[in-house]
Amino acid sequence: MKIREFEEVRIPVVEIFNSISGEGISAGEVVTFLRVAECNLRCSYCDTTYSYQLSDDNYDWLTPQEILERLSQYNCNKVICTGGEPLETTKAKRYLPLYLVKKGYKVRIESNGSCPVYSKKELREFEIEQVNDRLNYTLDIKPPSSKMSNHNIFAENFIKLTLGDELKFVVANDEDLNYAKKVIDKYKDILAKSNLIINFSPVFQAIEAESLVEFLKENNPYFINNNLKVRLSLQLHKFIWDPEAKGV
């Protein structure tokens, strides 16, 4: 899609709000969240199921200009595009992060990892020569407990990631941890070359963070020997506010 075409569409937006980033590389930073509607997956532990479906009760159809006007209220140049799934290939919303980059925002895309990241062709068609540090990805890798692990895109996405990007394993049990180890081992060379961060995050109230710390300690020599950057990532917003709260 070209930028002039995109400016004529409307995007289903569930919510726009300003808060701190709750997890990953940007944890603790003040950012503006832009949550789009619809998701192609149905993860067992999803905490934003209200963004699944298009429903008149939980979203607004906004033009790109209307989205810019709402974002401008917060005087914050860092935006996290989340969902739902922002990168669904058949939807106009896929190009919203690129539009925000064109308008001067620094954008992080939170994706479920089942959709391809942008190709060079898409960037060219949207009149973006280089994104540098203005666009980053946080890609989930779905483990068995999610019931969606057969939807993961691995090498095709990994080779396009770079410094400032991150992978996220949201894990609920030992099976998930073993799955994550196998994925990391299979793609360790690509992951090390990309210089990205690999985050392990516990499914809330399903596995103790302490057990993840022990896992990271046990596997730390392997991570170091393979030049992998691996971290624990907790959802800060669930400790600060009610875990069920929206718009925080």
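Including glycine, each Cβ sits where the backbone N, Cα and C put it.
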Problem - Residue from Thr82, Thr89, Thr90 that TrEMBL also lists as binding substrate with Ile20, Ser21, Gly22, Arg35 - result: Thr82
Completion exercise
The rounded CA-CA distance in Å from Gly22 (substrate binding site) to Cys39 ([4Fe-4S] cluster binding site) is 21
Problem - CB-centroid shell, 8 A cutoff, [4Fe-4S] cluster site Cys39, Cys43, Cys46, site residues removed - result: Leu41, Arg42, Thr48, Thr49, Tyr52, Asn112, Ser146, Met148
Handout entry: Listed in sequence order, residues with CB under 8 A of Thr82 (substrate binding site) and six or more positions away
Key = Phe33, Leu34, Arg35, Val36, Thr48, Ile109, Glu110
Practice task
Just give me the nearest neighbour of Cys43 ([4Fe-4S] cluster binding site) among the binding-site residues Ile20, Ser21, Gly84, Cα to Cα.
Solution key: Gly84
Problem - Taken over the domain 'Radical SAM core' (26-248), the model's mean pLDDT - result: 94
Fill in the blank from the handout: Using a 10 Å radius on the Cβ of Gly84 (S-adenosyl-L-methionine binding site), the other Cβ atoms enclosed count 28
